[in-house]
Each structure stands twice: as C-alpha cells, then as structure tokens.
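Visitor: Pasting in a structure now, in structure tokens, and then I'll have a few things to ask.
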Amino acid sequence: MKQSTARWGSVAETAQRIGGEALSLFWTLVRIMVPLMILVRLLEQWGAIDLLAKFLEPVMGLVGLPGEAALVWASAMLTNLYGGMAVLAVLSDGTPLTVAQVSVLTTMMLIAHGLPVEVAIARAAGVRARATLLVRLGGALLAGVLISTLYQWGGWLQQPNLLIWSPEVADASWSSWLIAQGEGLLWIFFIILALLLFLDLLKALGITAWLGRVLSPLLRSLGIGEQTVTLAMVGITIGVSYGGALLIKESQAGHLPPKDIFGAMMLLGLTHSLFEDTALMVLMGGHLSALLVGRVAVTILLMVIIMRVVNSMSEAHFNRWLWHANSPVHSGG
C-alpha cells in the first residue's frame with residue numbers, strides 16, 4: 001500500500017513538474033509570438049510584402065527565377081510557408097515555371113520563412129538577430145544558386161511544373177485570423193506538453209544518453225556538443241518553435257554552453273520541420289533532390305564553416321557579434 005501511494009505520489013510530482021514547465025515554455029513563446037504575429041499581420045495589410053518583393057526582384061535572377069517569384073519568397077519570409085504557397089499558386093497560373101525553378105524557390109522558402117517570429121525565438125535563446133538573419137538568408141541564397149546552377153548544368157527537371165495541391169484562399173477578416181491564430185497557439189501548448197513528456201521518458205530510459213553517444217561523431221564534425229542532440233532533433237523533425245522553446249529553457253537554466261546553443265539554433269534555422277514542411281513543398285511541385293538532399297548538403301557545409309569560425313572566436317568577440325552577453329547563460333559555461 002505504501003509502495004503504491006509512493007508511486008502515485010511520484011507520478012503526480014512528475015506530472016506537476018512537466019505541466020509547470022509546459023506552461024512556462026508556452027508563456028515564453030506566447031510573449032514572443034503574439035506581438036510579432038500582430039505586427040506581421042499589420043505589415044502585410046500595409047503592403048510590406050510588396051515592398052520586400054521589389055527589393056528582392058534583382059536577386060531572383062541569381063537563382064534562375066523570374067522577378068515575380070520575389071513576391072512568393074517575400075510572402076513566406078514575412079508570414080509563413082502557407083503565405084508563400086498561396087502566392088505561388090496564383091503565380092503559377094500566369095507565369096509558367098519549370099520543376100527545377102519551383103524546386104529552387106521552395107528550397108529557399110524552407111530555409112528562410114516566418115523570419116520575424118523565428119528570429120525572435122532564436123534571440124530569446126541568446127542568438128543575436130543579425131546572426132540568424134545572415135545565416136538563414138545567406139543559406140537560402142547559397143542553396144538557390146548551387147541547386148539552380150546544378151539543374152541548369154545537367155539540364156534536369158526542365159519540364160513545366162504542375163501543382164499537385166494548392167492552399168485554399170483564407171478569409172482575410174481579422175476575426176477569422178484571430179480564431180486561426182488562437183487555435184494554432186492552443187495546439188502549440190499541447191505539442192509542448194507532449195514533447196516534454198516524451199523527452200522525460202527518453203531520459204528515464206537512457207535513450208537520450210545513447211543518442212548522444214551515437215550522434216556525437218557527426219555533431220563533433222559540425223562543432224556542436226552532444227548535449228544538444230535531443231533538442232536539435234526535436235527542431236529538425238517538427239520545427240523551430242518547439243526546438244527553440246526547449247533551447248530557451250536550457251538557456252535560462254544555464255545547462256548548456258552558449259556556443260552549443262548557438263550552433264543548435266543555426267542548425268535548426270537551416271533545416272527544421274524536415275517531414276511536414278518538405279511534404280508541403282513537394283505538393284507545390286518541388287523535387288526531393290533540392291528539398292531534402294540539397295538543403296541538408298548546404299546545411300552541413302555551412303554548419304562546418306560556421307562552427308569552425310565560432311569555436312575559434314574569443315569569448316569577447318562571440319558575445320559582441322553573435323551572442324547576447326546578458327543572456328541567462330554565462331558565456332564561459
């Protein structure tokens with residue numbers, strides 16, 4: 001009887017702890033995301049996407065795309081992938097694109113989308129906004145140039161693109177937008193709760209330590225500590241918001257070295273939500289040779305370069321250019 005009572009007491013304590021952590025993480029994300037979601041909504045209505053598209057038009061030629069494609073990338077960059085997909089569906093009606101061109105464009109969208117919110121999440125973990133923007137925008141352009149050049153050189157995927165699916169036109173009213181965002185935030189809470197339970201189970205079963213040992217050679221080659229492996233895997237598989245939230249938690253607790261957190265956030269910025277987002281871009285006509293192989297290859301290349309530079313930097317220079325010195329994490333930790 002005493003053992004049963006003790007067991008239930010332990011379960012209750014664990015549930016209370018994880019529930020409290022989930023609420024804390026959720027509130028952290030809400031404070032970051034909600035003001036920016038409202039700001040982005042206002043900017044969208046004030047024509048900011050059109051202005052950004054005009055600025056990006058000359059860049060499109062570098063990646064073998066027509067200037068009109070800038071509006072697609074600008075929409076994804078300021079809002080999210082669905083915003084870019086909606087514009088791409090409209091663009092495809094009047095501007096014929098090849099499979100190669102759509103593959104390049106959708107790969108760039110995967111690397112650089114939802115930037116206002118996702119840059120803010122990285123900043124909350126300690127990473128300076130300029131570092132996140134440079135890596136994600138630079139990574140998207142590098143991927144676009146390399147993949148476009150390869151397709152043109154080989155004459156591959158030059159057939160006209162056909163959309164497998166296009167998103168429905170969303171209700172533009174504020175009331176519909178508020179309901180949609182509220183539902184999205186509610187889902188985020190339950191996903192965070194499930195993630196924390198799952199990670200706690202992995203730790204209890206010793207799987208976290210095992211993953212760290214198995215993946216440590218790869219992580220070492222990328223210059224990232226093995227302590228971040230499970231957190232990085234969360235972001236890589238289901239998204240920056242979730243992986244970033246867990247990294248914010250570790251950052252606030254001071255459990256991980258700043259350079260490990262920085263590396264993990266850069267990795268998540270370049271490759272995240274590997275299954276869902278990739279599948280969405282396949283529906284728009286993107287080819288896996290770009291969406292998966294090309295993106296992962298560019299990510300590995302950039303991460304090796306970035307982390308070699310970062311690990312060679314002094315603490316003072318790292319704090320000045322890449323990290324918030326007043327972050328909860330001590331730079332020497």
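The chain as shown is numbered from 1 upward.
Cβ from N, Cα, C; glycine included.
Annotations in TrEMBL come from automatic prediction, not curation.
According to TrEMBL, the protein carries these features:
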- 26-117: domain 'Nucleoside transporter/FeoB GTPase Gate' (DOMAIN)
- 186-286: domain 'Nucleoside transporter/FeoB GTPase Gate' (DOMAIN)
- 25-43: transmembrane segment (TRANSMEM)
- 133-154: transmembrane segment (TRANSMEM)
- 174-197: transmembrane segment (TRANSMEM)
- 229-248: transmembrane segment (TRANSMEM)
- 260-284: transmembrane segment (TRANSMEM)
- 290-310: transmembrane segment (TRANSMEM)
Visitor: Cβ pairs under 8 Å with the transmembrane segment (174-197): which stretch of 25-43, 133-154, 229-248 has the most?
Guide: 25-43
Visitor: Which sequence positions outside the transmembrane segment (260-284), separated from its termini by at least 6 residues, show Cβ-Cβ distances below 8 Å to it?
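Guide: Distant Cβ neighbours of the transmembrane segment (260-284) are 81, 85, 88-89, 102, 106-107, 109-111, 118, 122, 125-127, 131-132, 135-136, 139, 163-166, 222-225, 227-228, 231-232, 235-240, 243-244, 247, 250-251, 291-292, 295-296, 298-299, 302-303, 306-307, 310, 318, 322-323, 329.
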Visitor: Let me spell it out: take the transmembrane segment (133-154), skip the flanking residues so only those 6+ beyond its ends count, and list any with a Cβ under 8 Å from a Cβ in it.
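Guide: Beyond its ends, the transmembrane segment (133-154) has Cβ neighbours at 59, 62-65, 100-101, 103-105, 107-109, 111-112, 115, 119, 266, 269-270, 290, 294-295, 298-299, 302, 306.
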Visitor: Averaged over the domain 'Nucleoside transporter/FeoB GTPase Gate' (26-117), what pLDDT does the prediction give?
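Guide: So the average pLDDT across the domain 'Nucleoside transporter/FeoB GTPase Gate' (26-117) works out to 92.
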Visitor: Any residues 6+ beyond the ends of the transmembrane segment (25-43) with a Cβ under 8 Å from its own?
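Guide: Distal contacts: 49, 78-79, 116-117, 120-121, 124, 177, 181, 185, 188-189, 192, 196, 241, 245-246, 248-249.
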Visitor: Report the DSSP secondary-structure composition of the domain 'Nucleoside transporter/FeoB GTPase Gate' (26-117) as helix, strand and coil residue counts.
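Guide: Final tally across the stretch: 76 helix, 1 strand, 15 coil.
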Visitor: According to DSSP, how is the domain 'Nucleoside transporter/FeoB GTPase Gate' (186-286) divided among helix, strand and coil residues?
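Guide: Going by DSSP assignments, the domain 'Nucleoside transporter/FeoB GTPase Gate' (186-286) contains 84 helix, 0 strand, 17 coil.
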